[in-house]
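Novice: Below are the structure tokens for one structure; questions will follow.
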Amino acid sequence: MSEPIDILIAGAGIGGLSCALALHQAGIGKVTLLESSSEIRPLGVGINIQPAAVEALAELGLGPALAATAIPTHELRYIDQSGATVWSEPRGVEAGNAYPQYSIHRGELQMILLAAVRERLGQQAVRTGLGVERIEERDGRVLIGARDGHGKPQALGADVLVGADGIHSAVRAHLHPDQRPLSHGGITMWRGVTEFDRFLDGKTMIVANDEHWSRLVAYPISARHAAEGKSLVNWVCMVPSAAVGQLDNEADWNRDGRLEDVLPFFADWDLGWFDIRDLLTRNQLILQYPMVDRDPLPHWGRGRITLLGDAAHLMYPMGANGASQAILDGIELAAALARNADVAAALREYEEARRPTANKIILANREREKEEWAAASRPKTEKSAALEAITGSYRNQVERPR
């Protein structure tokens, strides 16, 4: 990139903030993030960052902050509703990667990224309370109509617009006005974070199923709690939506859920060494939403506009890959703009580098979801072999040692 350019990123989530840091590190123009929320707060629950994305964040200078905050996940362990191990596999460094797989609170990761952006790019780099409403390309510029928290219209312009504005992306809607609705996986999820006793080695993710396809996923996400001999546990309870009696496609990541709705599905579980009832009842806030994704796009952007993260490739959480792919999007976008002085061509290079991988993961996550639910009702001996095959196939498709 020879001439300085102005870049607007719609959305100051994990993908948008990572992209801003990568663009700044590459010395590419002036970067401004527009965030529709009036205040960026550490919301959400736990997520996983895969080794490739951890490496990318380390190269942005965030390795020490991650290590001080997150849990390096060592093992993925599948168990039955009695707590007996069905299948397990190593993760992160234990699986031969040079970098760990980190489990971390989404809000804490966002705050790490936000602090780095404000320190390196300046406080003015993140403008809150501005939601994108109108987009137009004219004379080699992207013109954006936004509205602030008081309803006052704002006019902005840039050489590049990056839509990192999430599942209900305004930028994606502009680029793909005929987009299909969210695709429902037929699963309702309840999620929460609970201060809990340490379990197993304090670095293990557990996945438990019963024969009725109710599922629990739980893993620790806080280095601070671990240092105190305890765990901050992220948990997800998944139940077929038909059993819940609702099929809601309106995904809202901050919708409140109710203990009395989720607890009956796990009332007869006895994991022995892990008290699921205690985990759920000690939780302060329960979130509820459907498991959804979007069909892969044949192209992401056009001209001087592109997408990244959930705006480009919303995927099921089965492979714990969504946030990692958003981070890798941002890294590749910065690299493409650094290589190519033609902005539009650089954006297409970025898309060609990232879209096939992201689309493959969308489909692989759908397939893994079907296969794991199908394996739930099998006898234990068959289930072990099935899970070994499922996880091995997934690794071969979407993971690579880092």
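From the backbone N, Cα and C atoms, a Cβ is placed for every residue, glycine too.
The annotation FAD binding site is assigned in Swiss-Prot to Ile14, Gly15, Glu35, Ser36, Leu43, Gly44, Val45, Arg106, Val132, Arg191, Asp310 on the grounds of experimental evidence. What Swiss-Prot records for 368-402 is region 'Disordered'. According to Swiss-Prot, the feature compositional bias 'Basic and acidic residues' maps to 368-385.
In the displayed structure, how are the listed features positioned relative to their neighbours?
Specialist: Leu43 (FAD binding site) carries neither a helix nor a strand DSSP state and counts as coil.
Beyond the ends of the region 'Disordered' (368-402), by six or more residues, the same chain brings 50-52, 54-55, 76, 78, 80, 84, 86-87, 89, 95-99, 185, 187, 209-211, 213, 215, 291, 316, 318-319, 321, 357, 360-361 to within a C-beta distance below 8 angstroms of the stretch.
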Novice: Over all pairs within Ile14, Gly15, Glu35, Ser36, Leu43, Gly44, Val45, Arg106, Val132, Arg191, Asp310, the annotated FAD binders, what is the largest Cα to Cα distance, rounded to whole Å?
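Specialist: Greatest Cα-Cα span of the listed binding residues: 29 Å.
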Novice: Using all protein chains shown, find which of the binding-site residues Ile14, Leu43, Val45, Val132 scores highest when you count other CB atoms within 10 A of its CB.
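Specialist: Per the Cβ count, the most surrounded site is Ile14.
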Novice: Counting other CB atoms within 10 A of each CB, which of the binding-site residues Glu35, Asp310 comes out lowest?
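Specialist: Checked Glu35, Asp310; of these binding-site residues, fewest Cβ neighbours within 10 Å: Glu35.
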